[in-house]
Amino acid sequence: MSSPTSTPSRRRNKRGRGSNPPTPHGEEVQSPPSQRRRTEDSTSIGELLPMPTSPSGDVQSPSGQELLFSSPAPSRHSAHQSELDLSSPLTYGTPSSRVEGTPRSGIRGTPARQRPDLGSARKVKQVDLHSDQPAAEELVTSEQSLGQKLVIWGTDVNVATCKEKFQRFVQRFIDPSAKEEDNVGLDLNEPIYMQRLEEINVVGDPFLNIDCDHLRNFDQDLYRQLVCYPQEVIPTFDMAANEIFFERYPDSILEHQIQVRPYNALKTRNMRSLNPEDIDQLITISGMVIRTSQIIPEMQEAFFKCQVCAFTTRVEIDRGRIAEPSVCKHCNTTHSMALIHNRSMFSDKQMIKLQESPEDMPAGQTPHTTILYGHNDLVDKVQPGDRVNVTGIYRAVPIRVNPRVRNVKSVYKTHIDVIHYRKTDSKRLHGIDEDTEQKLFTEERVAMLKELAAKPDIYERLAAALAPSIYEHEDIKKGILLQLFGGTRKDFSHTGRGKFRAEVNILLCGDPGTSKSQLLQYVFNLVPRGQYTSGKGSSAVGLTAYVMKDPETRQLVLQTGALVLSDNGICCIDEFDKMNESTRSVLHEVMEQQTLSIAKAGIICQLNARTSVLAAANPVESQWNPKKTTIENIQLPHTLLSRFDLIFLMLDPQDEAYDRRLAHHLVALYYQSEEQMKEEHLDMAVLKDYIAYARTYVNPRLSEEASQALIEAYVSMRKIGSGRGMVSAYPRQLESLIRLSEAHAKVRFSNKVETIDVEEAKRLHREALKQSATDPRTGIVDISILTTGMSATARKRKEELAQVLKKLIQSKGKTPALKYQQLFEDLRGQSDAAITKDMFDEALHALADDDYLTVTGKTVRLL
């Protein structure tokens, strides 16, 4: 590290190479005498920005070598602040950007990285508290007195006082209402944020998240200033946090200076209630991310070079505008400055579209959306489908009349510069496969969950805790519980065997009013990445993806649908039978391959859709007809039904004893107290933690005994139908048994699938087949109803009828043409069983397929 006693001329030349950012109003900060004299003596281009709010000076090291952003040795503590530039809140930048080992470092062409989420760096005029005029030089005797007398123009923020208050908050605040599960690994009797700084020193992640609720409880005036003037106050917080950190850990090395990120602002606004009074204030809104753009490079500092004399200068961006130098300050040539892109400094930027959460929407309204801009480290932190609480600064920018003309309209468009994301939803399960959402469990919580898993009746207790307001349907609840746990995801693509899905698909079908939609709503409100849609109100592109023109870039972009948004979650589809054919056809690939192939408008890609499908369907005749098969009742293609692991019937039994028990249960929901309800069922928070822990940390594998049991189960299922000449099981049924067995092992927190898991999977699968794949004429389970759409007995009857019809035609002699109606009546007359017109048509088509006859209009012609 260079010595602070280097010659002033070298220091001035180093600093003078860049030009200062323009002020919004054209004013400059009043300098203290020591710095003003240094500025007057300077012969370099530009001016030295004063630092009235902090003893640290904005003075760069004169060394030609770059420096690491670390604290100096303890013996040189006096030089610490002048060398490191812990960032002025008025000319805000990160000192580490000119150092080695940090992004975009090395060449002077990559200067100080500012925080784009707070807006660009700018000079801020300070005024005397007791005067309308700017502070005069003769009134200022020292930097300390300046900090005590002045506030930032347009605000009531005194930087020295603000910094002192925040340092006191960080060093002293202890949250009396803190919960251990929310502060894992922290001592709740010690200052919370000092422990957070210690974490930064250990981990090296230079971000300090501040709960605004803590700040409000500690100092309401400081909290008010933060909400009203975030662009001025947050840099002051940054400076205070860095001073505390490097005084405590002088040898620490960070990527860049610590950035304070406040969240949980009390000024939490509904997206609809944002109005002009919130502009440039700190707000918190919640919603669901529906689209994220690609990473956009945004210029932070422009590098200009004179084409005549090769003089260079830098211009910092102010609110998205570049003040291009019109005259070269060295040779006074006009319009000779050219922008050098590879010497300019850029930052990462991403546009995120946030949609209003369904629970925040008023009745009968369409959801509102707003645009977010994430910068640098906040890029790619959220994905479409995430539910987030966003803390940021509400901005308004004018709209240009024409992109090529600088004239602007009087109408402004708004966006939010993101400062903090918080992906938490207390009502839902904790997410999986996402580092930011993985639930951290305390040792006590894990011990309690493992103790719960050791109980022999844990499977029944968890199933009873699922939708306790819905009466009975125990097997259906157990099936949905296994769907929530899911199987083990296996990838054998390196051996050429491909990937095997772990998601369980379930279809509920039956009479109206049997709580099918209630179960779907319960699951939707429980899972983190769930989507709820209705079959009648969904289109094929709404479920998959569609191409639209980006309003910002005017380019064609892919907008994802419900199935892609519910990746790693559950997609609940109600009114499944009312979906049109084109919409249902897109589900075939999703439910088996777990991917979605798109080829639209020149965009060809394959999206992940690793989602479980929970669907509900009503019968065509509004009431289940026991004389018809499942296919005939709900009119769904057998190719789609065969992809469901479990198909349950929810029928109204029309039994007086059942009706009495159901009525007693419904009435009890109204008169029982909450304490009684809690005693009967498992706590909802425990259920969510239990499922989240199992999905994250338990990955069961098949044992030798379980493998043999699965083989025997599959072979026995095949044997059932072999004697009658029909197929009663397919490989898909075996894969379903494996997934259900793995899910049941997860319920027990077991990393090995045992025989008891296979037995329960067999029982549940058999119960579902008894309901959905039973031939109504014979009462025998026939899996071919779901796989081919026709039972074996129906197929046999069709063949027999075709043979009878063939004999009837042969008995009529060599007649080339027969009347359709006459032939039908003759067949009905000689048959003992009732023959419908549909059966007659099927027999004719069977003979036509054998090239025996052809049907033309109302005439049957022999071939």
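Even glycines carry a Cβ here, placed using N, Cα and C.
Values in this document were obtained by computation on a predicted structure and should not be read as measured data.
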- Could you check which of 78-81, 270-273, 334-337, 642-645 is flagged in Swiss-Prot as motif 'Arginine finger'? 642-645
- Task: According to Swiss-Prot, Y471, K516, S517 bind ATP 2; so which of N376, N608, N618, N625 is the extra one listed there?
- Result: N618
- Task: If Swiss-Prot is the reference, give me the range from 306-331, 722-747, 800-825, 826-851 marked as zinc finger.
- Result: 306-331
- Task: Please give the average pLDDT for the motif 'Arginine finger' (642-645) in this predicted model.
- Result: 82
